[in-house]
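To start, the structure under review is shown below, and the notes come after it.
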Amino acid sequence: VVAVDSPTNGLSATAQLNITILDINDNNPQFLPLPDPILIPEGLYSPGAPGEVCRITATDIDQGANGMVTLSLSNPSSLFQFREDGTLLATGPLDREKKEAYDLVIVASDQGTPQRKNITGIIVTVTDVNDNEPQFSQETYAKELLVKDAKEGDLVLTLSAMDKDTGNNSLIAYSFSAGSSLLSLHNETGEITLTSDLSNITEDTLLKLTALARDHGQPPRSSTATVLVSLFTTSLTPGVDFSSSVYNFSVAENEPESTLVGTVKALTGNSSVQVTYTLRSHRDLFIVDKQGRISTSQALDKETQEWYTMEVEAVDYRIPPNTAVAMVTVRVEDVNEEPEFSNTSYSATIFSISPYKYPVLQVKATDPDSGENGQLEYSLEEPSSLFDVERSSGQVYVLSVEGQEGQVSLHVKATDPLGLSATIEVEVMIQDSASSDVVVISLNQPVNKVDREILEMERSLGQALGWTVKVISVMSANSFGGGVRSSRDSAKTYVTFITMDASNTVVPSEEVERKLESESEAVQVQLEKVFGEGLEHMVEKGPETPDSTDQTIAIVLGVLLALTVVGLVVMGVVTSVKFKKLKSRNEDSIGIMGIDHPSQELRNSDSETSSTKQKPSGQSNGVTIENMSMNNCDSESRSSAM
């Protein structure tokens with residue numbers, strides 16, 4: 001700002017005016033682009049030995065505490081936690097064979113008042129680790145052969161093993177631990193065949209081999225089974241034998257009872273000899289008839305159990321009877337099914353002062369299907385200007401409820417990738433409230449600890465006060481006063497909440513504050529149950545933070561100073577214009593009267609003007625540019641007269 005004592009050849013002075021614009025919390029935190037896909041290997045993680053999942057970053061363009069962002073999970077989990085730098089950690093055991101993916105809702109909260117939040121959803125996929133050995137369908141495979149009937153290439157047995165892992169970790173290669181000159185094992189199909197016609201076998205021989213099933217993981221894992229092949233040179237004792245020692249069948253899930261799964265066949269060597277079949281296990285799910293046809297006795301669910309392994313026994317009618325046993329493996333195939341919500345309905349109560357993206361509640365649907373068919377997407381059946389739902393997590397949040405009151409009905413839909421869906425009704429009660437209804441208490445606890453215990457704190461405060469408590473925001477006091485964090489020992493957190501009586505009417509803040517004071521001991525006892533001994537709490541007068549009054553004073557003083565400077569500048573400009581107009585009128589008068597010395601006359605005229613406008617003797621010269629000019633002219637007039 002420049003001040004001038006005369007418009008022409010005047011002296012001037014310059015002053016610098018710094019105007020600081022103080023920040024208010026008017027921006028929500030924003031998530032930077034999220035990694036996709038988010039993967040973590042399965043493993044035995046723990047809080048002491050966590051696994052890093054990914055780094056989530058959220059920013060806030062506000063300043064100070066208003067721009068400080070903390071990340072948390074909307075539903076606390078023993079399996080996942082956030083580190084202070086925004087790294088999502090796995091803190092519990094993850095087993096892909098039990099659960100392949102986790103839907104997480106992330107909340108980004110700033111530390112302003114009122115606190116502003118944003119939410120987003122991620123899917124953490126657990127990748128496979130080779131932690132399962134292949135499992136043979138039976139421990140011992142046995143077969144009897146008559147040498148004279150044997151031919152090179154004949155199928156003797158089929159081995160079968162499965163691995164619960166996926167990808168290369170589940171691919172199995174078969175082999176014998178030691179080679180055999182008479183038998184060959186196919187490394188992919190598990191088929192054992194004869195390598196010759198056995199013409200060189202002259203006596204009964206028992207071939208005992210160890211079969212190995214090895215997966216393709218790194219490092220590979222394996223298991224073994226025993227193979228017994230009896231070679232007889234004379235006729236076999238009449239008996240019964242299955243056409244194959246292993247049968248592999250499949251059936252679609254949810255098929256009605258009596259659905260045919262497959263057929264086994266036992267041979268007796270004599271068509272007149274009858275055979276009966278019996279299941280040794282799973283008789284509650286399957287039945288077998290006299291023809292060896294295996295059927296379901298009830299609908300099967302792949303998500304409950306995918307594989308069934310059972311023994312089928314064949315008994316002939318000879319005396320004494322002969323028996324044989326075959327291994328049957330049944331795989332239940334997936335069929336797309338509709339999602340199901342865990343609740344029949346959802347309801348929640350919020351206040352009309354709730355900010356944008358304030359989390360209302362989370363709906364949860366499950367899909368009986370597995371894999372990609374079980375991944376659900378949430379949406380509102382009818383668009384709403386008040387609420388929306390996070391697509392991957394089902395978190396219902398606020399768009400804008402300012403000025404709203406009463407009950408709002410929403411219909412949230414969960415849809416699987418193939419288009420099957422389910423719908424649930426969500427009832428949200430919006431209670432009218434104002435900032436004057438808000439109560440603030442401070443706790444000597446870190447903000448992240450308080451944030452984790454919101455539900456317990458609401459219950460404890462409600463029990464002490466005899467009202468229902470709803471927390472609106474949780475914010476840290478650590479960054480006030482220049483944005484410097486305090487030490488852990490001086491941690492302080494502000495909790496903003498509203499209370500309701502038995503009729504769900506909001507209790508005025510003055511009444512709540514009085515009761516907090518009168519029931520201080522009961523409140524202390526209840527809060528110590530949540531946060532432990534050493535807790536200190538204090539009722540803050542009004543919803544503002546301690547620094548907000550100082551900030552308001554600073555803003556007012558800054559505005560007044562700016563207005564004062566602007567007024568001085570305007571006054572100087574107006575005075576300059578007046579002076580120029582006056583000078584112009586005097587010059588015109590001199591020209592009309594024919595005066596030879598217009599400058600002298602101008603000074604005389606100015607002297608007269610000065611005498612009529614002279615300020616009182618006690619008033620400072622130079623208050624305005626106009627007065628300073630008049631005084632100078634008056635001095636010249638007196639000099640001329642002398």
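A Cβ is built for glycine as well, from the same backbone N, Cα and C atoms used for every other residue.
Taken from TrEMBL, the feature domain 'Cadherin' covers 1-31, 53-136, 148-240, 243-341, 342-448. If you look up TrEMBL, you'll see 553-575 marked as transmembrane segment. Taken from TrEMBL, the feature region 'Disordered' covers 590-642. Positions annotated as compositional bias 'Polar residues' by TrEMBL: 607-642.
The average pLDDT computed over the domain 'Cadherin' (53-136) stands at 93. Applying DSSP to the domain 'Cadherin' (342-448) sorts its residues as follows: 9 helix, 49 strand, 49 coil. Broken down with DSSP, the domain 'Cadherin' (148-240) shows 6 helix, 40 strand, 47 coil.
Note: the domain 'Cadherin' (53-136) comprises 4 helix, 42 strand, 38 coil (DSSP; helix = H, G, I, strand = E, B).
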